[in-house]
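Structure first, then comments.
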Amino acid sequence: MSNVRQAILDASAAHPAPAGVHYTYGTAGFRMNADLLDPVMYRVGLLATLRSKALGGKVIGVMVTASHNPVRDNGVKLVDPMGEMLKQSWEGYATQLANAQTHEEVADLYFSIAQECEIDLDQSASVVVGRDTRPSGEALVASLIDGLTASGAIVTDLGLKTTPQLHFVTRCLNDPSYGTPTEEGYYQKISDAYKTLVAGLEPLKITVDCAHGVGAPKLRDLTTYLGDALDVTVVNGDVEHGILNYHVGADFVKVNVKQPEGFDLAPNGIYCSFDGDADRIVFYYADEAGAFHLLDGDRITALVGAFIIETVRQAGLDLQVGVVQTAYANGNSTHYLRDSLQVPVAFTQTGVKHLHHKAEEYDIGVYFEANGHGTVIFSTAARNTIRNATHGDAKALHILRSLINVINETVGDAISDMLVVLGVLAHRQWALADWDALYKDLPSRLVKVVVGNRHAFKTINADTQLEEPADLQARIDAEVAKVSRGRSFVRPSGTEDVVRVYAEAETREECDTLAYTVAGLVFDLAGGVGERPAEFL
Ligand code: 16G
Ligand code: MG
């Protein structure tokens, strides 16, 4: 038997799989109760080694996090060399390895995947690992490292990192032109760029809800690099007491459309919330009357998209700016982008990897999910055009050149997106109320339905329609037709064991009626479990 096989078998023995659990590499990797993840981590270690070997020894990233999910959960996802999500065709291997029943089967799969992908097993492998603040993180990273070591990878454990920092470092290790592959390199790059972007403008002041997660210590670190350029107050930064994401953070704010707990909003101040691993951000403010106003990912697209289009035009550059959204984008945001800004808008399935891929088709692609995850990406040609332009408005060129370096192109990044938004607001001299006034949201509602088997739901047309269960779509269409400007769609969650129902319509009442009627249909026709969704009014 080969030494590697023996090493994989020996180490696997310390990571037995629980009986009767089925694992799936979903939208953002494996994600579930942390108690069930130990064997998965070991096996993901093996897969990361294979992935690195398959790419000629390029560095692969592994991030241990469950993002906005409760603190008892954890998860793991792989990052490809340029900082993008793992190539989709490899997700199946991840799922297969995680579900192997015996240690022998784990070892067999390691070699059969290598064979199928024609991987040279003598090739060296290199992997960097990061984790968020979850208490289960350290032990899970140790299991991951067992897998990496058994399969002979060179491992760098980066310790606590935000998800986007891990993506950034992975990218820089493979592409030094992107930056210095350290956390300091990350702070230096984006803070220098921000300072250049807002030079000469009045410094802004922001309060940031860090969801009691890794964003808190990291944002504090960044502030020392930013100096006087930005006045940041970090709130909800208790990473010690197991209250991660509890009634705080971007997901809580977006889903409930209300402010997080832990602090009060002064009228017309600038506020934002990160999620637990700091790859999502939403903004908000309270008006003079104390009413809460949410500025979500759609708003970020509108603000940043419009600013970039205008600046590209001022700079006299011929670059096509395009926007990518998902079905969750508010209909009026799409309307604003298409009709007022006249910018092409494409739609993809939910999940960053889909949006990112589509955004690569434009010279400058702007993508944000409504939940606040997104970024802006520049094609190599666009980057060169901006860098080398000799004519055109100097100020506009200066803005674009600094903006490129504030943006973390590898993935949505709460810290970097915060600076991008603030940079635009500073240039516009806008308060959040001015930003809010760009368009008015259509009333929308999200409802979760628990069903016996969510995998029975299959969507088509960028999640907007159901192909299975048969007949359900026709029933949904009939309900949508009853309300003005109605839209509703149903899709299985990739991160939770639920089916999500989205609805929007001209009025709040029509919207809620539509949402709960469709949720009721799903419950009745697809084996609902527990309580039938009922309108809470
Ligand atoms: C994950 C995705 C996010 C998506 C969300 C949908 C990444 C990094 N994150 O958080 O893009 O919006 O899942 O969740 O891909 P759902 O499938 O539970 O609705
Ligand atoms: Mg996240």
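Using the three backbone atoms N, Cα and C, a Cβ is placed for every residue, glycine included.
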Inset, instruction - May I ask you to find which of Ser52, Ser67, Ser488, Ser493 TrEMBL records for the Mg(2+) site already listed with Asp275, Asp277, Asp279? - result: Ser67
Legend entry - Which listed residue (Ser67, Asn371) has most other Cβ within 10 Å, given these are recorded positions: Ser67
Legend entry - Residue counts (helix, strand, coil, in that order) that DSSP gives for the domain 'Phosphoacetylglucosamine mutase AMG1' (191-282): 31 helix, 19 strand, 42 coil
Legend entry - Pro492 (substrate binding site) - helix vs strand vs coil (DSSP): strand
Inset, instruction - Go through the binding-site residues Glu369, Asn371, Gly494 and pull out the ones with a Cβ less than 6 angstroms from some atom of ligand 2. - result: none
Inset, instruction - Could you measure between Glu369 (substrate binding site) and Asp279 (Mg(2+) binding site) for me? Cα positions, answer in whole angstrom. - result: 12
Legend entry - Local Cβ density at Asp277 (Mg(2+) binding site) - other Cβ atoms counted within 10 Å: 33
Legend entry - Residues Glu369, Ala370, Asn371, Arg491, Pro492, Ser493, Gly494, Thr495, Arg500 binding substrate per the record - widest CA separation, whole Å: 17
Inset, instruction - Given the binding-site residues Pro492, Gly494, Arg500, state which is nearest to Asp275 (Mg(2+) binding site) when distance is taken between Cα atoms. - result: Gly494
